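The compositional bias 'Basic and acidic residues' feature in TrEMBL is assigned to 421-431. Look at TrEMBL and you will find 11-344 tagged as domain 'Acyltransferase 3'. Taken from TrEMBL, the feature region 'Disordered' applies to 421-443. Per TrEMBL, the feature transmembrane segment maps to 12-30, 36-57, 78-97, 103-120, 141-166, 172-193, 205-223, 235-253, 260-282, 330-348, 382-399.
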């Protein structure tokens, strides 16, 4: 087999990768500022689909065959050194400093090595969008598994297409047709108001971006694009490229990964726009490649793989140690970015590039050289020693079998007990069952003493009918609130986003089950990305009084943004009253569990008292 001619390296692709990885990083760090940054992954998929298909088709046209084994080896040498180093290093850190994250670590490790981690995430119900739950440093690796599956099957499918579908037009429309089926499945599986993680993680529902890139490679092969273009054609390509680049950047700020539009064709449209951008940059006759080539883009683009894989470990570990992220969100974000860039540089220089070029048939010889009893290869000896220690620590972590999941703690137990009590009381409220005279008398004195209410306040609270909707903070305090407000119907759920809460309020209002007094506890799990506040207030209407408990989330960047948005909304809506739990709970760390967000049993007395007094006044 003749050696494949060296393909033209398209330097502008590093620029596109730079845009993509910056968008993803900023989405994870500042989701309220760049809510569509998660679309950067779709760009990576489009580029992969284009480049891999382009290379495979070049090989087929030159040799009339594809060396599948050589392809697999090249991909493994490109991806696995960095991935394995990150996995082992991260597991070693977890073993030493955050053992609560060791639950299921063996499956995490194995499914990442076998490129099925995204399906493992789906199987175990892991959410990509629950930004407050205990974060896994491996959450983002779902996309590498989709890429791995693509690399495994694609050369075989290309061979079949080349043998049985000689016409390029048929290949092109076949891939576009398959991409449309994938997008259709995404649309059908997406449920408005529910967590979209299944369609976000799924190979079947995300492969359309790769297929669009692959289809582009069939009709826009990089090796056959002429550098000589008429001025008018060059101008059209440049204008098209600029427009697409601007649309991509605009999407990073405007598209919301939890909204229906993204899954009802928005992500597909974004992939099409990204493919057109790729096409204009790939064309040597246009100026886009030059415009997307500069030292900064080249540096970031070449290290984008390392930047991507190390982002989550750095963020999770950093934010677990720094408890006041909300106090300086941008400063801490810049520090995290600096750490990510530093680690990715080390990975690129000492892991990815050397092992990509390494001749593994010489492994035994290299090992013998390292272990010679002299001062030669000193740096290699130090590196091997450090690596061995890290591997041993990671191995110890993989061997351990935690008896409890991270969620099995006092807070989770409290919420579980509350859910049972609330479910029972909600059922009684639905059936119209009232508390007995003895229960009322007993609870009356209890409320006055425990929650420091006056007799008049306690009496008013007992007779108020309230509907409460919220997240885990409300679930934590539900039992306390129903002690004070026995006629309060509570719908609280761990990890609930404000968009879901808006749907619930709308449903309750439409079915006539929304009381005249409404209590909302939302914002713990993320900033308001769209019109959630407006949607809730519109559903409640002008005649109902809405009390909204603001948030105390010092460990998350969005705390101040959420509270500012609520304060602004209270000026817009006369029937919206903000219960300023944030200010009231300042400097009272003893009121909270270790997460410094959910009130503990002691803090719930103050929480219940404060909320009650604001409602009954």
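Placed from the backbone N, Cα and C atoms, the Cβ positions cover glycine too.
TrEMBL: automatically predicted annotations, no manual curation.
When each of 36-57, 78-97, 235-253 is checked for Cβ pairs under 8 Å to the transmembrane segment (205-223), 36-57 comes out on top. Here the transmembrane segment (235-253) sits against the transmembrane segment (12-30); at least 3 CB pairs are under 8 Å, leaving out pairs fewer than 6 apart in sequence. DSSP places the residues of the compositional bias 'Basic and acidic residues' (421-431) in helix, strand and coil in these numbers: 11 helix, 0 strand, 0 coil. Contact between the transmembrane segment (36-57) and the transmembrane segment (78-97) does not hold: fewer than three of their C-beta pairs are under 8 Å, each pair 6 or more apart in sequence.
Note: the stretches the transmembrane segment (330-348) and the transmembrane segment (103-120) are not in contact (fewer than 3 CB pairs below 8 A, sequence gap of 6 or more). Taking every listed stretch (12-30, 172-193, 260-282, 382-399) in turn, the largest tally of C-beta pairs under 8 A with the transmembrane segment (103-120) is reached by 382-399. Per-stretch counts of Cβ pairs under 8 Å to the transmembrane segment (172-193) identify 260-282 as the leading one among 12-30, 141-166, 260-282, 382-399.
Spatially, the transmembrane segment (382-399) is adjacent to the transmembrane segment (78-97); three or more Cβ-Cβ distances between them are under 8 Å for residues at least 6 apart in sequence. Long-range neighbours of the transmembrane segment (141-166) within the same chain, counting only residues 6 or more positions beyond its ends whose Cβ lies under 8 Å from a Cβ of the stretch, are 41, 44-45, 48-49, 52-53, 56-57, 60, 65-66, 68, 71-72, 75, 79, 83, 111-112, 114-119, 121, 128, 174, 201, 203, 206-207, 210, 214, 309, 312.
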